[in-house]
Amino acid sequence: MESENRGSEILAVTWTLTGLAAVSLVVRIVWKLRSKKKLWWDDHICSLSWFVLKTSIFIVTIATSKGLGEHVQAIPEDNLPAIGLLGNFIGTLSILASVWSKTSFALTLLRLLSGRWTKDLLWLGVATIHVFLIVNALFMWIRCSPAAKTWDTYMEGTCWDNQVYPQYAMFAAGYSAAVDFILALLPLALFHQLQMMQRKEKLGTSLAIIVALVSGTTAIMKTTVISGLTSSDFTFTTAPLIYYATAESALTIIAACILSLATLSRSKIQPENSVAGDNNKSLENQSQTSENIPLGAASASTTASGGQSAPSSSSRQGQENNSGVVRDAVVEGGGGGDRGQPGGQEERERERRNRCWYKLPPDTNAWPGVLM
């Protein structure tokens, strides 16, 4: 058999991808700290995901020194159990890196998107991917009895059917790819929900979507090479699986960092009606405060500013009983020839406060504060 060694190729691909993810993460953290923003859960989980990914690549480096990437026939027999054990650690850590990178991306979207259905969809994706992929990592260790037989095929014991674990691993990888595409497409809602979106924010969000779509594509490619786990030449055939698993996690980390940087000044995107509703609540509170003033006192100040005599205390009771008529009369008086006088302007302001929320012009200067 022709001698081949994919070890150097494995190291070049995995370390390059991990390095790119590290650069993205460092830029994200430093830029946030320089902008005097506090680190949130999505930042910490993204950092944890990269740390787990880096640890798995360290183990890959050790495994290649023992023969990973070469054909089984070219590897000393004593090294095979060690490569198998290291392979279990590599698989478990790559699964955790994938899960937590997607969780970080989803948490960033939760801070940006509004709408009940989007939040429910994100939480459902986060919960289910944890269940399916962590079960996948667990199966890697318990598919044989005793567990040591999973990495030492020469040990006596029993294992599941040779196709059970690969089939479940393909299902989990396919579900992971589906979540990648959902996370990639949800940021499209930002273009509809943002009232004020600068060019650089649109460019950054678009780039994050593209990188996330590429990550989903690598997850699909990963499902096509999982069958290499059952090959008798597993030390050679699992090399593409390592490529795609590393690429999926690294690209998701990069996409999450790009999205976080692109929307650094935003914390929660609200539709226009929501912002108008918030403005209406503020105006409604002001209106209620002004309505708590006795009607007679308000009428007195209005008539005094208009040049008329203030009503006496004996007529105050009658004014309270006919508050609706007096209020309409005052508004009409303010809308007539006295518009230039302070009293008429005050009543026009009160009338504006009592207008329905959907009749209020949108306040494009209002934006929710950053919840950092």
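FYI, residue positions are counted from 1 along the chain as it appears here.
Every residue, even glycine, has its Cβ placed from backbone N, Cα and C.
Caution: TrEMBL annotation is automatic and unverified by curators.
Positions annotated as transmembrane segment by TrEMBL: 12-31 (among others).
According to TrEMBL, the feature domain 'Rhodopsin' maps to 27-264.
Taken from TrEMBL, the feature transmembrane segment applies to 51-68 (among others).
Same-chain residues lying 6 or more positions outside the transmembrane segment (80-100) and placing a CB less than 8 Å from one of its CB atoms are 45-46, 48-50, 52-53, 55-56, 59-60, 62-63, 66-68, 72, 129-130, 133-134, 136-137, 140-141, 150-154, 176, 234-235, 238, 242, 245-246, 248-249, 252. The transmembrane segment annotation in TrEMBL covers 80-100 (among others).
Under 8 Å from some Cβ of the transmembrane segment (121-142) lie the Cβ atoms of residues 88, 91-92, 95-96, 98-99, 102-103, 106-107, 109-110, 113, 150, 165, 168-169, 171-172, 175-176, 179, 182-183, 186, all in the same chain and six or more residues away from its ends. TrEMBL lists 121-142 (among others) with the feature transmembrane segment.
Only residues 6 or more beyond the boundaries of the transmembrane segment (168-191), in the same chain, are considered here, and those with a CB under 8 A from a CB of the stretch are 98, 102, 105-106, 109, 112-113, 115, 118, 121-122, 125, 128-129, 132-133, 135-136, 139, 197, 202, 205, 208-209, 212-213, 215-217, 219-220, 222-223, 226-227, 229, 248, 252, 255, 259, 263, 269. Summarising the annotation, TrEMBL assigns transmembrane segment to 168-191 (among others).
Within the chain carrying the transmembrane segment (203-221), a Cβ under 8 angstroms from the stretch's Cβ atoms is held by residues 105, 173-174, 176-178, 180-181, 183-185, 187-188, 190-191, 240, 244, 247-248, 251-252, 254-256, 258-259, 261-263, all 6 or more beyond its ends. Per TrEMBL, the feature transmembrane segment maps to 203-221 (among others).
Counting residues 6+ beyond its ends, the transmembrane segment (241-264) has Cβ neighbours under 8 Å at 10, 13-14, 17-18, 20-21, 24-25, 27-28, 31-32, 35, 37, 42-43, 46, 49-50, 53, 56-57, 60, 90-91, 94, 97-98, 101-102, 104-105, 108-109, 112, 176, 180, 183-184, 187, 190, 200-201, 203-205, 207-209, 211-212, 214-215, 218-219, 221-222, 225-226, 228-229 in the same chain. The transmembrane segment annotation in TrEMBL covers 241-264 (among others).
Feature annotation from TrEMBL assigns compositional bias 'Low complexity' to 297-328.
Taken from TrEMBL, the feature region 'Disordered' applies to 297-372.
Sequence annotations record features per position, and here TrEMBL assigns compositional bias 'Gly residues' to 332-343.
Per TrEMBL, the feature compositional bias 'Basic and acidic residues' maps to 345-354.
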